[in-house]
Amino acid sequence: MSASYGTSKMQDSSSFASKLPMSASPEDESFDVSPPSRAPHQPLTPLPALDPAEHMLNADSRRALAPPHTTKIRDNASCSLISSGDESPDYIDSDVEDELFEQQLREEGERDLERLELEKNNINPQDIDNPISNGILLSPWATSPPRYTAGTVATTSMAMPSRPRSRESFSSMLIRIPLLLGILSILFVDLILYIMVRQWVNMWESLTTWVGRGKELRQKLHQAKTYKEWSSYAKELDKYLGNEEWTKIEHSNEYDVPLIRKMARKLKRLRSSGDPSAVREVRKVLAHGACKADVGGVQCAALYSHTYYGTKDIVESYVEETVASLYFVARSSELSLEDRKQFLKLASRNYGKTALCLSGGATFAYYHLGVLKALFDEGLLPPVITGTSGGSLIGAMICCRTDQELKDEVFTPDIYKFLNACSDPFLIKMKRLFTKGALFDENDWVEKMQWITKGNMTFLEAYRKTGRILNISVIAEGMHSSSKVLNYITAPDTVIYSAVIASSAIPFILRPIELVMKDERGHLVPYRAAGRRWRDGSLITDIPEKTLHQLFNVNYTIVSQANPHIVLWFYHSRGAPGSPSTHRHGKGWRGGFLASTLVTALKLDIIKWIRVLRDLDMGRINGIDLASVFLQRFEGNCTIVPTATWYDYIFILSDPDRQRTERYFDVGAERTFPKMHMIANRMRIEQTLNKLRSEINYQLKLVKSYPCKNQRKMSAPEFTTSPGKQTVAHSKGHSPDPGHDTDTESD
C-alpha cells in the first residue's frame, strides 16, 4: 500500500467534507456507522514450500496443506459454507470444488498479507472497513473512499482489475474498424435523407393546407397562453376543417364500439331507474368492465388524433357515465360503508395509476417546466413523478414543494436565478475535462442543489410533505449493472440531492458518485447498497415502466420527452392526439402516402443498423453501449415532445436567462395543450376514485370514533353530462398513499 497515494485521496476529498451539509457537527463522537466488529486478528500460519512437482498433487493433498483458520468448505448436503475443524469432512471430488478451494486460499492469503503490512505500519486492521472514524466524514464523492485512523495517514486499498483476454480473432479485428466506418456512413446518409423528407412534408403542409382562414386559426392556436384559450381556437379550427362530423360517427376500428355503447347505456339506464336495488347492478358493471384500464380501447391515442379537441361522442358519454355511476355507488345507503370501501379499492386497483415521466436532455429538460405548469393549472398533475438526468432535477423541484410553494417559487420565469448548475466559465470546464475527465465538479453541485431539494430532504420526507411520489432512476457503475429506481419505498432515507447528482452522471459530463442517506440520528452517511458509485439510469432505462407498475400499480404513463437525440424521431404519419393530419380532412397521410412511406422506411433502416452495432458489440464507448441507449423505449401512453430549435442545441450546457426561461414555459405548455383532453378523460376517473376512497375512509373513522351516532349521508354533487366538460375539480389534498395501495394498513 502507498501512503502517499492515500494522502492524495484524503486531500481530494477534504474539499467536499467542508461543503457537505450536515445536521450535526463533524466532531460529534456519536457519529459512527462502523460495521460489526470482526474476530481478532490471528497470526499467520505459513504454508509449506511446494516444488513444481507438488503442483500435481490431488485435491486432498492440497487441502491438507492449508492452515485450519483459512479453510472453508461447501457442505455437499446443504450447499452452505461451513468452517473446517480438526475433523476431515467429506469433499466432492470435482474440478469446481478444486477451483473454489484454490480461490478461497488466494483470497485468505491476500487478506493475511494485507494485515501483516498494516501491522508493520502500526495501523489497526479493524479500521479498514470503518467508513467513519473519530467523527471525520469520508467524502461520498471520493474516487476510492479513504479510510481514516487516529494518528495515521489515510490509507486506501485499490484492487487493479485484471485485463480480460481478447476474444477477437485476427480477421475480426482486421475488418472491425472498416465495418464500423461503413455502418456509420450509412447511418449518416439515412439521417440526412430523413431530415430532408421531414422538411419537405412540413413545407408541403404549409403551402397546401395552412392558407387563408385556416392559417389564421392555426397561428392563434400556437399563440394561446392558457388551455381555455387554446381549446376555444381548437374547436373553431375543427369546425372550419370539418372534423366535427367524425366525432358524431360511432363506428371506428380503433375501439370496441358495441362494448362501450352497451356499458354507457346500461349505466345510464340503471342510474336513472329510481330503483334503490339498482346500485348493486351498477357496482357489478363498474367493477367488471367500466373501471378497467383501457377497456374497449377507449384510451387509444388514435381516438384523439382526428380532431384538435375531443374524441368520439360515445367515448365522452362513457367517461361521463362512469364518473357519475361511481358517485352513485359510493354515496348510496343501500350498501354498507365497508362494502363501498372494498368496491372502491377493487375499482382503483383495476383502473391503475397514472405517472408523469420526465426525460433527461441537459438544458432541454427545462421544457418540462411548461408541461408541469400546464397540467398543474388544470388540476391534472399525477402524484407519481419519475425523472432521469435533467428530468430528475425538475421532478425533485416539484416533489419537494407544496402546491402554494410551486406557484410562488417554481412556476414563474424568475426561477432562472436558481438554475445555475452550468454556471462555470468555459475555460474552467475544458480544464476540468482534461484533468478530471468531466466538465462539471460534483462537489460544486452539492451547494447548487440545496435550493432545488429544499436542503437535505429525503424521499420519505418529501412524500410526507407533499403527497407526491418522486422516483429517480440510477444505475451502479459497471458493465452488467441493472437500473435502480429510488423512491420513498426502495430508498426512503436517501437524500434527494445526491440522487439528482448521480442521475446526472453522464460520461464526460459528470463522474459517477456515491449516494448519501440519513441514519437514525439524522446524520449524513454514505449509502451502502449493491453498488458503490452510481450514474445516470437513462443509459439503460429512460422510462422505468416495469418498476412503477410493480411498486405503485402504474399502467398509464405521460412522458415528457426532451432528449435532444430522440425528439427528431417522433413522427406520426396519421396524426397525433390534438394534432390531426391535414391531408384529406384527417383521413390521409401526412405529406401524402409516398412521403410517409419514405420517413417510415428510413427510420426502420436506421434502427436496423443500430441493432447491428449493438449485436456486434461495436457501439460501446467508455463502458457504455450507446447503441442500446438509442434502442430503448422512449414513449408512453401519452408522449409530449417539445419543439426544439438549433438555438437549443447551441446552449445545451448553459444556464438559461429570463428570456429562455419564458420560452421553456410557453413551448412546454403549447405542446401539452393538444394532449390535455386525452389526459383529462384518463385522470377524471382516477381522481374520482381517489376522492371517494378518502371520503369513505373518513366516514369509517367517524363511525369508529362515535359508534353510537348515526352515519351521516353525503349528498352527491351536481353533474353535467355535456361531452368534454371536466366535472371533477382538482383536489388540493392528497390521499394517504396516492400511488401505493396500503388499505390493509391505513384504511
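For all residues, glycine too, the Cβ spot is worked out from N, Cα and C.
Features as listed in TrEMBL:
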REGION    1-92  region 'Disordered'
COMPBIAS  1-17  compositional bias 'Polar residues'
COMPBIAS  77-86  compositional bias 'Polar residues'
TRANSMEM  173-197  transmembrane segment
DOMAIN    356-549  domain 'PNPLA'
MOTIF     387-391  motif 'GXSXG'
ACT_SITE  Ser389  active site, nucleophile
ACT_SITE  Asp536  active site, proton acceptor
REGION    713-747  region 'Disordered'
COMPBIAS  718-729  compositional bias 'Polar residues'
COMPBIAS  734-747  compositional bias 'Basic and acidic residues'
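Same-chain residues lying 6+ beyond the ends of the motif 'GXSXG' (387-391) with a Cβ under 8 Å from its Cβ atoms: 357-366, 368, 470-473, 503-504, 506, 536-538, 542, 560, 562. The Cβ of Asp536 has fewer other Cβ atoms within 10 Å than any other of the active-site residues Ser389, Asp536.
When the alpha carbons of Asp536 (active site, proton acceptor) and Ser389 (active site, nucleophile) are compared, the span between them is 6 angstrom. Averaged across the motif 'GXSXG' (387-391), the predicted model reaches a pLDDT of 90. The DSSP secondary structure for the residue listed as 'active site, proton acceptor' is strand. Taking DSSP states H, G and I as helix and E and B as strand, the motif 'GXSXG' (387-391) has 2 helix, 1 strand, 2 coil.
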